[in-house]
Amino acid sequence: MTSGATVWLTGLPSAGKTTIAYELAGRLREEGHLVEVLDGDEIREFISAGLGFSREDRHTNVQRIGYVAELLARNGVKALVPVIAPYTDSRDAVRKRHETNGTPYLEVHVATPVEVCSVRDVKGLYAKQAAGELTGLTGVDDPYEEPEAPDLRIESQNQTVQESAASLYTLLTERGLA
Ligand SMILES: Nc1ncnc2c1ncn2[C@@H]1O[C@H](COP(=O)(O)OP(=O)(O)O)[C@@H](O)[C@H]1O
Ligand SMILES: [Mg+2]
């Protein structure tokens, strides 16, 4: 059995985290890997139901997802996690949990600039924020602490979804994980 791993895709809303994660998931499944995608929006309906978007709740959300991802990854699954995770200390705690358990962990910054994200605006959040119908939007009026040393930085504004997924696949290969 090939090794499991957690691949965390962090970045702003509409950066492309979910799209790239599912593209990679398809490619990995074709190659016979076990894969799960732990998508932020889905998680918030179930294991993080009731949590909001305060700093504390965002931290709790990320720790819960990190816990589940590590359980999957240590059992041979590629756990792909397209979740904003705006705070460095939250992300570092997840990395540490993986290191403690000897479970491979990769941090990927989907570094699409806010100017591009706000035009994509998949869920209409940027428009709502601009219209004053929503506050606390990551990267606009809520913090996003950029990863300083991610394992990979993806500039989705300069490449196709397939190219982004391919660069991630290459990284997994280089690390002996695919
Ligand atoms: N190279 C690219 N990588 C990822 N998404 C892209 C790319 N180019 C355009 N897009 C589009 O940007 C949007 C990203 O949305 P989504 O994946 O839901 O973002 P997030 O999960 O980060 O909020 C999708 O509509 C996707 O088709
Ligand atoms: Mg998403």
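Glycine is no exception: its Cβ is also placed from the backbone N, Cα and C atoms.
Residues or ranges marked as domain 'APS kinase' by TrEMBL: 4-154.
LEU12 (ATP binding site) falls outside any helix or strand according to DSSP and counts as coil. Positions annotated as ATP binding site by TrEMBL: GLY11, LEU12, PRO13, SER14, ALA15, GLY16, LYS17, THR18.
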Near ligand 2, which of the binding-site residues GLY11, PRO13, ALA15, LYS17, THR18 have CB less than 6 Å from any of its atoms?
-> LYS17, THR18
Pick the one among the binding-site residues SER14, THR18 whose Cβ has the fewest other Cβ atoms within 10 Å in this structure.
-> THR18
By a 10 Å Cβ neighbour count, the lowest-scoring of the binding-site residues GLY11, PRO13, GLY16 is PRO13
Which of LEU12, ALA15, all binding-site residues, has a Cβ with the fewest other Cβ atoms inside 10 Å = LEU12
Average the pLDDT scores across the domain 'APS kinase' (4-154) and report the rounded value.
-> 97
In all the protein chains shown, the tally of other Cβ atoms within 10 Å of the Cβ of LYS17 (ATP binding site) is 28
